[in-house]
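S.K.: What follows is a structure written as structure tokens; I'll ask about it next.
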Amino acid sequence: MAMPSLSACSSIEDDFNYGSSVASASVHIRMAFLRKVYGILCLQFLLTTATTAVFLYFDCMRTFIQGSPVLILASMFGSIGLIFALTLHRHKHPLNLYLLCGFTLSESLTLASVVTFYDVHVVMQAFMLTTAAFLALTTYTLQSKRDFSKLGAGLFAALWILILSGLLGIFVQNETVKLVLSAFGALVFCGFIIYDTHSLIHKLSPEEYVLASINLYLDIINLFLHLLQLLEVSNKK
């Protein structure tokens, strides 16, 4: 059996250095990275979908969670704490995977709690629209040769506008304002799906698959939530 050359071994080691991007790695490394990212993402959404379905379709769970605001806040702040921990320890294996599991569970509980306040049909519509948008945007970005890194500054500026507008929206209860903010938010996170899909190939290293999956997971969750609110407000008009 032939042994790999020293130059081949060296190039593989270089591929895994955090300073090199996935795009500069070998085809084998790139494909392995993508399998890890989207494999983790699929597992995250299986857990999230299953948790949401239990809370949505079982009246006892729906009633319990709607009467337990402390639990909703605990899962929300738990998600925030775990995402900060993941950011700090994203290179520490297997700690990053344990934190990823904890974050996904906490975020699933948070999302499941939110959807209990919406009609089942609206939730299903938002789910289907989110899935279709994610698949279309991912396919487009991975096949495109355009440089989407230029979107970054504009998207982060739009995100801050969205956050500040959302805070103002708490005090201004207007259906038209909610509709506009929901549509704007959905567009912003469609942009983030394109940006983060491009970034996972051109900015992240082959060992940062946990960070890549978290970025995409959060993009999809936020897109879903904005579409959910958009559909809810639209149905009231």
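Cβ from N, Cα, C; glycine included.
Copied straight from Swiss-Prot:
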- 1-37: topological domain 'Cytoplasmic' (TOPO_DOM)
- 38-58: transmembrane segment (TRANSMEM)
- 59-67: topological domain 'Lumenal' (TOPO_DOM)
- 68-88: transmembrane segment (TRANSMEM)
- 89-94: topological domain 'Cytoplasmic' (TOPO_DOM)
- 95-115: transmembrane segment (TRANSMEM)
- 117-137: transmembrane segment (TRANSMEM)
- 138-151: topological domain 'Cytoplasmic' (TOPO_DOM)
- 152-172: transmembrane segment (TRANSMEM)
- 175-195: transmembrane segment (TRANSMEM)
- 196-209: topological domain 'Cytoplasmic' (TOPO_DOM)
- 210-230: intramembrane segment (INTRAMEM)
- 231-237: topological domain 'Cytoplasmic' (TOPO_DOM)
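Can you tell me where each of these features sits in this structure?
M.R.: Averaged across the topological domain 'Cytoplasmic' (1-37), pLDDT in this predicted model comes to 62.
Packing against the transmembrane segment (38-58) from elsewhere in the chain are residues 65, 100, 104-105, 107-109, 111-113, 115-116, 120, 123, 127, 209-210, 213, 216-217, 220-221: each is 6 or more residues past its ends and has a CB under 8 Å from a CB in it.
Secondary structure of the topological domain 'Lumenal' (59-67) per DSSP, as helix, strand and coil residue counts: 8 helix, 0 strand, 1 coil.
Beyond its flanks by at least six residues, the topological domain 'Cytoplasmic' (89-94) meets 18, 207-208, 210-211 of its own chain at Cβ-Cβ distances under 8 Å.
Within the chain carrying the transmembrane segment (117-137), a Cβ under 8 angstroms from the stretch's Cβ atoms is held by residues 49, 52, 56-57, 66, 190, 193-194, 197, 220, 223-224, 227-228, 231-232, 235, all 6 or more beyond its ends.
Here the topological domain 'Cytoplasmic' (138-151) is broken down by DSSP into helix, strand and coil counts: 10 helix, 0 strand, 4 coil.
Within the same chain, residues 178, 181, 184-185, 188, 191-192, 195 sit at least 6 positions outside the transmembrane segment (152-172) and bring their C-beta atoms closer than 8 Å to a C-beta of that stretch.
Packing against the transmembrane segment (175-195) from elsewhere in the chain are residues 133-134, 137-138, 140-141, 148-149, 151-152, 154-155, 158-159, 162, 165-166, 169, 216, 219-220, 222-223, 225-227, 229-230, 233-234, 236-237: each is 6 or more residues past its ends and has a CB under 8 Å from a CB in it.
Away from its own ends, the topological domain 'Cytoplasmic' (231-237) comes close to residues 118-119, 122, 125-126, 129, 175, 178-179, 182 of its chain (Cβ-Cβ under 8 Å, at least six residues beyond either end).
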S.K.: Are there residues at least 6 beyond the ends of the transmembrane segment (68-88) whose Cβ is under 8 Å from a Cβ of it, and what are they?
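M.R.: For the transmembrane segment (68-88), the nonlocal Cβ contacts are 96, 99-100, 102-103, 106-107, 109-110, 113-114, 210-211, 214, 218.
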S.K.: Please indicate, using numbers and ranges, the residues of the same chain that are 6 or more beyond the topological domain 'Cytoplasmic' (196-209) and have a C-beta under 8 Å from a C-beta there.
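M.R.: Residues 15-23, 25, 29-30, 32-33, 36-37, 40, 90-91, 93, 137-138, 141-142, 147-149, 215-216, 219.
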S.K.: Below 8 angstroms Cβ to Cβ, which residues of this chain, lying six or more residues outside the topological domain 'Lumenal' (59-67), approach it?
M.R.: 112-113, 116-117
S.K.: Taking a Cβ cut-off under 8 Å, which residues six or more beyond the ends of the topological domain 'Cytoplasmic' (138-151) line up next to it in the same chain?
M.R.: 191, 193-195, 197-199, 201-203
